[in-house]
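> What follows is a single structure, and I will ask about it in a moment.
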Amino acid sequence: MDFDCKTARGDSSSVNRSCIVTEGTVVQAKPVSHNGKAKHWNSLSTLNNQKCSYELLSDPKKNVETSDGETASKCDSWCFTDLPSALVCEVLEHLDPKELGIVSCVSTLLHTLATDHQGWKKFYCERWGIPTPPVTLNGPLVPGGTSDWKSWKTLFVEREFRSKSFMGRFSVDVLRDHSEDVRTVFLLASVNLIFTGGNDSVIRMWDLEEGLLIDKSRPLCCTIRAIAADTRLLVTAGTNAFIHCWRAVEGNSYPFHISGNGTDQSPEFRLWGHEGPVTCLALDSLRIFSGSWDMTVRVWDRSEMKCVQKFMHADWVWSVAPHGNTVASTAGRDAYVWDIRSGELENVISNAHYGNAFSLARTHLADVLFTGGEDGAIRLFNVSEVSDDEDIKPAATWVPHTGPVHSLAFEYPWLVSASSDGRVALIDLRKLLTPRKSSKQPFRVKNFDPSSIEPPQRMLHGFGCDLFSVAIGADKIVCGGEDGAVKVWNFSEALEIEKRAQALRSMRQENRMRRKKAQVEMNANGRRSDQCGSIAMKRNQLKGDKSVTWHSKRAINDKVKS
């Protein structure tokens with residue numbers, strides 16, 4: 001979605017200007033249609049008796065001295081762009097990306113204001129968070145960042161365009177080094193790393209771009225069931241009830257040195273506290289979250305590395321997902337939302353699935369939960385406006401799988417699921433999550449008929465076996481299953497392939513138009529239409545005798561064949 005619209009850009013003229021009016025009137029404008037004719041919009045009341053000049057609004061004394069006729073004439077000479085730039089930017093603050101892009105096509109001034117508007121930063125961060133490395137309008141925020149100067153609008157448009165790549169062509173890489181089932185994968189897109197673990201109790205670190213094994217840990221003597229990481233900390237956990245951690249090592253090619261060989265530093269440590277296998281992990285900037293079959297979710301302080309909170313459940317905890325000052329979890333067939341500060345239970349979703357609710361995903365765009373269960377269904381729950389005595393019903397349900405949904409991952413606008421039926425489902429949520437004009441939550445769940453829910457936009461086939469974990473990011477989808485292989489679907493070249501295909505289609509269309517034009521010329525000159533091809537060939541030949549040589553060779557070939 002490119003909003004530059006350079007062909008439509010131009011200075012505002014008196015024809016396209018709008019008057020600043022008081023309440024009770026409608027702005028009269030004459031927008032120019034594509035055929036060049038002006039379309040008149042009728043106002044609900046006349047502007048004759050309205051004192052609508054910005055000059056008059058700023059100086060009330062002139063309202064007494066100026067007659068109604070003079071006011072009407074001055075009103076015609078003022079437009080929206082005559083307002084102070086700060087006030088115009090305040091108005092633009094209430095537009096969504098599509099509307100802001102349309103406004104940038106109106107005039108040169110509005111194009112400048114809309115392109116440099118800080119709303120693009122808000123749009124980008126709402127959907128994908130702070131870019132890595134962070135980039136502002138004046139360049140990178142941190143030393144060593146990208147040297148390319150990019151505005152927030154450019155970053156937003158590029159990322160929005162890239163999000164369409166998951167509907168294009170892809171290549172598949174298979175990473176093989178695990179000797180047993182791969183139970184968990186984690187994609188750290190900011191540093192192009194993949195972390196995998198499974199029944200062989202070894203953590204492996206892969207290069208995302210090259211697909212090469214970089215490093216692997218010593219055996220941890222347990223099945224690895226969960227991995228979480230950021231650029232400062234890597235945490236893993238499994239059936240031995242402890243959380244194994246690695247701190248980032250400075251001065252290394254990669255942030256983590258998980259093998260521990262060849263270094264004097266000791267970045268490894270363990271956190272103890274759970275009384276059963278740890279099934280899920282999550283991180284934010286301040287805390288570590290872990291869920292276990294001991295029916296608890298524990299919150300660990302990252303600065304002191306100790307447990308500061310514990311939430312009790314009525315069944316085994318399968319998944320956990322923090323967001324702000326709340327953390328969501330699934331236990332048995334129910335889903336929970338807890339307040340971290342008070343330790344109180346905010347919401348309970350009873351019987352979210354028929355069977356266990358194995359997976360959970362959240363988005364900061366809206367206060368919603370995505371759950372995947374043993375029944376093969378994926379459900380969306382809106383927990384933003386729920387009373388204490390009200391049962392939460394699913395706002396949307398998909399059933400793309402014939403087996404349990406073991407894992408969910410979200411990156412705007414795609415929700416990705418992995419199931420024991422060996423398939424990966426991609427669901428586009430753009431139509432369900434609509435932006436709000438003003439609210440604490442930037443998006444809301446659109447009201448719709450549950451029977452009109454579209455099916456997943458794409459299904460990817462895995463290994464023909466159980467798929468236990470999935471991750472999405474950097475135009476790639478990573479999945480691990482029971483055959484010990486890690487599969488990577490790479491969509492990074494999908495847009496380039498589409499561009500080449502589009503260029504080829506344009507070239508063919510242009511050639512068809514040329515042939516059609518030549519045929520029309522032949523008909524107008526009274527020549528036969530079958531001469532069109534020969535004349536077009538003569539115009540395109542490089543040498544004068546090339547067509548003769550070609551025909552002579554063709555004649556010789558015909559004789560040989562006969």
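Keep in mind that glycine also has a Cβ here, set from the backbone N, Cα and C atoms.
Marked as domain 'F-box' by TrEMBL: 77-123. Taken from TrEMBL, the feature repeat 'WD' covers 175-216, 271-310. Look at TrEMBL and you will find 506-534, 543-562 tagged as region 'Disordered'.
Describe the structural context of these features.
As a whole-number mean, the pLDDT of the domain 'F-box' (77-123) in this prediction is 82.
Assigned with DSSP, the residues of the repeat 'WD' (175-216) fall into helix, strand and coil as follows: 3 helix, 23 strand, 16 coil.
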> Quickly jot the same-chain residues contacting the repeat 'WD' (175-216) by Cβ under 8 Å, restricted to those at least six beyond its ends, or write none.
132, 222-231, 234, 236, 238, 254-259, 466, 468-474, 476, 478-488
> DSSP helix, strand and coil counts for the repeat 'WD' (271-310)?
0 helix, 24 strand, 16 coil
> Mind checking how the domain 'F-box' (77-123) divides into helix, strand and coil residues in DSSP?
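Looking at the domain 'F-box' (77-123) with DSSP, the answer is 31 helix, 0 strand, 16 coil.
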